[in-house]
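A.B. asks: Dumping the structure here so I can ask a few things about it.
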Amino acid sequence: MTSPSQAATNADSLTPEPAAGSGGPDAKGTPALAGRTPRQLAWLRFKRDRVGIICAIVVVFFILVAAAAPLISALYGKNAYDLYGQDDGLLNSYGLPIAPNGGISGQHWFGIEPQLGRDVFMLLVYGIRTSLLIALAVTVLAVGVGVLFGLTQGYLGGRTDYFMGRFSDFMLSFPQQLFFIAFSPVAISLFVGVGDPESWWVRPLVLIGVQFLLGWMSIGRLVRAQVLSLREREFVEAARISGASSWRIIRKELLPNIWSTILVQSTLMLPVFVTAEAGLSFLGVGILPPTPDWGLMFQTGATFYKSDITFMFFPGIAMVIFVVAFNLLGDSVRDALDPKTLR
Amino acid sequence: MLRFLTRRVLGAVVIILAISFITYLLFFVLPTDPAQLACGKNCSNKVLVAQIHHRMGLDLPVYQQYWDYMRGIFVGRHMPDGQNCAAPCFGFSFANDQPIWPLISDRYPTTLSLAVGGSAAFLIIGVGLGMLSAWQQGKSFDRVASSISLIGNSVQIYFIGPLAIALFADNLGWFDHGHDPTWSSDPVGSLNGLVLPCLVMSVIFWSNYSRQTRSLMVEQLSEDHIRTARAKGMSSKYVFYRYALRGAAASIITIFGIDLGSVLGGAIITEATFGLHGLGTLAVNAVYQLDLPLEMAVMLISATAIVVFNIVVDACYALIDPRIRLA
C-alpha cells in the first residue's frame, strides 16, 4: 500500500507536463546519467530520424508559403487575380498559353493558366493558403471536440459512454463525401437568403463546419479507448483518492498521457482534410472561382488536360509532396513519442 | 449465424431510420423555406409560395411529413395537389418537377459498378501486393512495394485521373474514353468504359491495403500456431495461405467495412473526373439547382446501400471468424 503523498509524487513523475521546463539543465550534464523528461527523449529520438526531419522541413515550408503568400506575391511582383495571359497577349485564340510547356518563362515561373491567364505560381501559393487555412481550422475544431468527447466518454464511462458511443457510431454511418456535397447548399442557405449575393466568408465557413461535423469521431474514439485504459491505472486512482477534482485528473493525469495520440492524429488528419476540401472544390461545391484554391486548380487542369497538361502537374505534384511529407512526419512523430511501436 | 444476422439487420434498420429522420430534418425543416427554393431564385409571390407549401405538404406537422415521405417510398403516394407518385416515391424534383426515382434508377448502376469494380480491383491488387511483400519480407521487392504504397497513398483521383486518361486512353488507346453508354443500352461498352476509372480509383485504396495486409501477415506469421504448424512439417506455402492468410483476412475485411463510405466518396470523385453519369454527378448538379428532394433521395439511398453492404461484410467476417458469430 502506498500512502497518498507517495502516490501523488509517483503520478507526477509519470506525467511529462510539469517537469518539462525544469528538466533542461539536467540534460546538459554527463550524458551517461542525464535525467531526461519524456519530451526531451522524444525530441532526441526524432532528431536522429532523418526522414522525419526532412518531412518536418517540407511541412514547415508549406506552412510558411501559405502564411507568407502576400509577401511572396510582393517579391514576385504578381498576384493571383490579374489576368496576365490576356493582358500581355500570352494566350492564343483558344485560350491556351502560346509559349511551350504551359507558358513557363522567367516572367511566369510555373506558366500561366489556360483561359483566364492568371499566373500559376501565384495561384498555387494562394491556393495552398486557402486550402491549408480551411483544413487547419477543421483540424483544430475536430481535434478539440473529438478529444473533449472522447475524454468525457472514457472518463465517465457507464451509460454515458454507451450513449455517446452510439451517437458517434451514428455520425460515422453517414456517407461523408456525399453528406458534404448534399448538405453544403442547405448550410449555405442558412446564411444567405434566396437571391441574396453570397459574402466571401460563407463558403469557407460552411466548408469548415460541414467537414468538422463529420470529422471529429475518429479521434474521439481513439481518445476514449486510451482514457478507458488509463482510468484504471494506479496513478489516476491515487489522484482520485487524494481528493483531486475530475477536472484536475483530466488535465494533469489523463491529458499528458494522451498528448502523443492527439499530436500524431492531428498530423495525419490535416492532409486528409486538405484533400477532402480540394475534392469538394474540384467537384464544384467547395470554394468558388475566382478565389484561388488548390482543388479549383485541379478542376481547371481536368478541363484542359488534353491541350495543356503541364498545368496539372504543379498543383498535383505539390499535393503529392505535401501529403507524403505529412504522412511520413506523422509516422516519425509516433515513433519518436512511443518507442514501443514498431512499424 | 441467423441470430447474428437478425441482430445486425435490426440494428441497421434503426440506423437507417435515424439517418433518414435527421436528413429529413436537415433538408426540409432546418433551412430556409424549401417552398421558396422550389419556387425559384426570383420568386417573391407570397401566394405562390403558400401554394407550393400546400402542394408539397409542408404545412403539415413535421412527423406527419416524415411519415408521408417514408410511406411514399414503400407504397407510393398521392401528393396533396393530386399528383400521383408511383411506388418508390421520393417526391418530385424542384428543378424540373419530374419524379425522382427514375432519375436515380437511371444513374445508380454506374456508381454501383464503379464502387464494386474499384473495390474488387483494390482488394486484389492491395492484398496481393501485401501478401507478396510479407512473403518477401525485408527483400528488395518489399521495399519497392512499400515505397510505391507510400506514393499511392498520397495521390488523388482528380490528379492521376486526367493523367491516366491522357496516357492510356488518348495516347496508347488501350481504353475507351469520352462516351458513357448507359448500362441498359450497351452493357459491354459500359463495362469497357469502367475499366480505367475502376483502376484509377483503386490506386488511392490499394496502397493502404497492401500496407495493412503486409503488417497483418507479418504479425500472423510470427504467431505460435504458425510455428507449430511449420514444426509439424507443413509446407511454408500451405501455412502461409491456410493459416496466416485466414488470420489476416478477418482484419482486412473489418478495414474494408470501415472503408465502405470512403469507397462511395472515391466513386463520386471518380465519376466527376471521368465524366461518368452516376449518383455523384447527380448530387453535384442537384446542388447547383438547390434540388433538395433529389439530394435527400441520393443521401438516403447511398446511406442505406452502405449500411446494407456493411451487413454483407459483417456476414463474411462472421463466416471467416467463428468467434464473432458466437459472441
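One is the number of the first residue shown, and numbering goes on along the chain from there.
Every residue gets a Cβ built from N, Cα and C, even glycine.
Below are the features I grabbed from TrEMBL:
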| type | residues | note |
| --- | --- | --- |
| COMPBIAS | A:1-13 | compositional bias 'Polar residues' |
| DOMAIN | A:128-330 | domain 'ABC transmembrane type-1' |
| REGION | A:1-33 | region 'Disordered' |
| TRANSMEM | A:51-76 | transmembrane segment |
| TRANSMEM | A:132-156 | transmembrane segment |
| TRANSMEM | A:177-195 | transmembrane segment |
| TRANSMEM | A:201-223 | transmembrane segment |
| TRANSMEM | A:268-289 | transmembrane segment |
| TRANSMEM | A:309-330 | transmembrane segment |
A.B. asks: Report the listed stretch (A:51-76, A:132-156, A:201-223, A:268-289, A:309-330) having the maximum count of Cβ pairs within less than 8 Å of the transmembrane segment (A:177-195).
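C.D. replies: Between the candidates A:51-76, A:132-156, A:201-223, A:268-289, A:309-330, the best contact partner of the transmembrane segment (A:177-195) is A:201-223.
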A.B. asks: Of the listed stretches (A:51-76, A:132-156, A:268-289), which one yields the highest count of Cβ-Cβ distances below 8 Å with the transmembrane segment (A:309-330)?
C.D. replies: A:51-76
A.B. asks: Could you pull out which residues elsewhere in the chain have a CB under 8 Å from any CB of the transmembrane segment (A:132-156), counting only those six or more residues past its ends?
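C.D. replies: Distant Cβ neighbours of the transmembrane segment (A:132-156) are 62-63, 66, 164-165, 168, 204, 207-208, 211-212, 215-228, 230-231, 246, 249-250, 254-255, 258, 262, 265-266, 269-271, 273-274, 276-277, 287.
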